[in-house]
């Protein structure tokens with residue numbers, strides 16, 4: 001390794017050291033930093049230098065080949081969170097990658113016990129399941145591959161049998177539980193117990209979303225393109241589709257009591273007989289006001305955010321700007337257009353200008 005590479009690696013290790021110093025080993029969200037692209041390749045740093053708690057480091061040491069999947073799972077979760085909420089008042093803002101030790105990746109929302117916390121934990125757990133399962137199906141790991149329970153049998157009467165490579169989502173879910181879930185009994189404070197129980201439930205809700213959207217794919221076999229026999233296998237849905245399901249769960253999330261007796265129950269007394277389903281997203285505290293800046297909580301507010309003047313949805317100026325109104329300014333765009341290939345051998349284009357109205361919240 002040359003001198004420049006060694007210097008870069010030492011600087012990266014120093015950044016991770018800052019993260020570990022500010023956030024102790026018990027913190028659940030540290031691993032999420034692995035999804036930030038500018039942090040480099042965690043495999044080169046080694047398990048001991050990564051922002052993981054003691055249990056995760058031990059698992060990392062025993063299964064170092066899973067590091068690329070862990071990093072990809074974090075990246076998937078972060079990307080989908082930002083995509084699903086890009087037009088909302090809370091837009092899943094992450095901390096600056098240039099200052100990795102100044103705050104948790106998702107800031108206040110990671111520990112606030114709100115609906116936003118619920119979505120973060122669910123989508124990150126789902127991302128880990130998705131990436132590990134994909135890696136298994138691709139043959140990148142020795143201890144998992146395709147789902148062996150779906151390699152024989154089928155329905156001869158319906159003319160199909162199991163074949164191909166079914167995604168082994170059960171292994172992905174097992175690893176996600178092993179890597180992310182921590183026993184509640186190790187926590188003493190009542191408030192911490194409630195939040196930890198909530199986070200564990202939402203982790204599982206994220207995993208259930210991946211399992212629920214498993215689909216059946218089939219390929220036909222027969223003479224002259226007929227479908228006399230079909231070979232079928234189960235595959236995971238795109239992570240975007242999983243993100244849409246979790247966003248719907250977020251919109252219909254259930255508020256629970258901040259007191260745990262034998263089990264969690266709904267906050268509203270008249271609804272406590274309604275059972276909590278394992279795929280529900282749960283939250284304890286109401287969300288703060290995301291309309292205005294709150295430096296203490298790290299909430300930037302919506303001032304200066306671009307909005308859609310004609311939309312009635314969350315991205316519309318009326319909702320996104322919280323009734324404060326909006327400013328309009330004209331943006332001039334210059335681009336190449338009407339390009340033609342000239343023989344021989346170059347491309348000639350015109351410069352085209354266009355004007356666009358851009359609306360931003362006051």
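Glycine residues also receive a Cβ, built from the backbone N, Cα and C atoms like all the rest.
Feature annotation from Swiss-Prot assigns signal peptide to 1-29.
The feature disulfide bond is assigned by Swiss-Prot to 81-92 (among others), with similarity to another entry given as support. DSSP gives residue 92 (disulfide bond) a coil state; it is part of no helix or strand.
DSSP classifies residue 136 (disulfide bond) as helix under the three-state reduction. Taking Cβ-Cβ distances under 8 Å and a sequence gap of 6 or more within the same chain, the neighbours of residue 136 (disulfide bond) are 144, 145, 146, 167, 168, 171, 172. What Swiss-Prot records for 136-144 (among others) is disulfide bond.
There are 15 other Cβ atoms within 10 Å of the Cβ belonging to residue 140 (N-linked glycosylation site). Under the heading N-linked glycosylation site, Swiss-Prot lists 140 (among others).
Over all protein chains present, the Cβ of residue 165 (disulfide bond) has 17 other Cβ atoms lying within 10 Å. Marked as disulfide bond by Swiss-Prot: 146-165 (among others).
Annotation source Swiss-Prot lists N-linked glycosylation site at 186 (among others).
Of all Cβ atoms in the shown protein chains, 14 besides its own fall within 10 Å of the Cβ of residue 218 (disulfide bond). Positions annotated as disulfide bond by Swiss-Prot, on the basis of similarity to another entry: 218-232 (among others).
Secondary structure at residue 220 (disulfide bond), taken from DSSP and collapsed to helix, strand or coil, is strand. Residues or ranges marked as disulfide bond in Swiss-Prot (evidence: similarity to another entry): 220-227 (among others).
Taken from Swiss-Prot, the feature O-palmitoleoyl serine covers 224, and the record attributes it to similarity to another entry.
Annotation source Swiss-Prot lists disulfide bond at 291-322 (among others), citing similarity to another entry. Taking Cβ-Cβ distances under 8 Å and a sequence separation of 6 or more, the neighbours of residue 322 (disulfide bond) in its chain are 89, 291, 292, 302, 361.
As annotated by Swiss-Prot, disulfide bond applies to 307-317 (among others). Around residue 307 (disulfide bond), taking its Cβ as the centre, 20 other Cβ atoms fall within 10 Å, counting all chains.
Sequence annotations record features per position, and here Swiss-Prot assigns N-linked glycosylation site to 308 (among others). Secondary structure at residue 308 (N-linked glycosylation site), as computed by DSSP, is strand.
Secondary structure at residue 361 (disulfide bond), taken from DSSP and collapsed to helix, strand or coil, is strand. Its Cβ taken as reference, residue 361 (disulfide bond) is surrounded by 20 other Cβ atoms within 10 Å in the chains shown. What Swiss-Prot lists as disulfide bond is 321-361 (among others), and the listing cites similarity to another entry.
What Swiss-Prot lists as disulfide bond is 337-352 (among others). Look at residue 337 (disulfide bond): DSSP puts it in a strand.
Under the three-state DSSP scheme, residue 349 (disulfide bond) falls in the strand class. Within the same chain, residues at least six positions away from residue 349 (disulfide bond) with a Cβ under 8 Å of its Cβ are 336, 337, 338, 339, 340. Per Swiss-Prot, the feature disulfide bond maps to 339-349 (among others).
Annotation source Swiss-Prot lists disulfide bond at 344-345 (among others). In the three-state DSSP reading, residue 344 (disulfide bond) counts as coil.
Here the Cα atom of residue 92 (disulfide bond) is found 43 Å from that of residue 220 (disulfide bond). For residue 146 (disulfide bond), the count of additional Cβ atoms within 10 Å of its Cβ stands at 17 [all protein chains shown]. Between the listed disulfide-bonded residues, namely 232, 317, the fewest other CB atoms within 10 angstroms of a CB are found at 232.
Take the Cα of residue 81 (disulfide bond) and measure to each of the recorded positions 140, 165, 218, 220, 321: the nearest one is 321.
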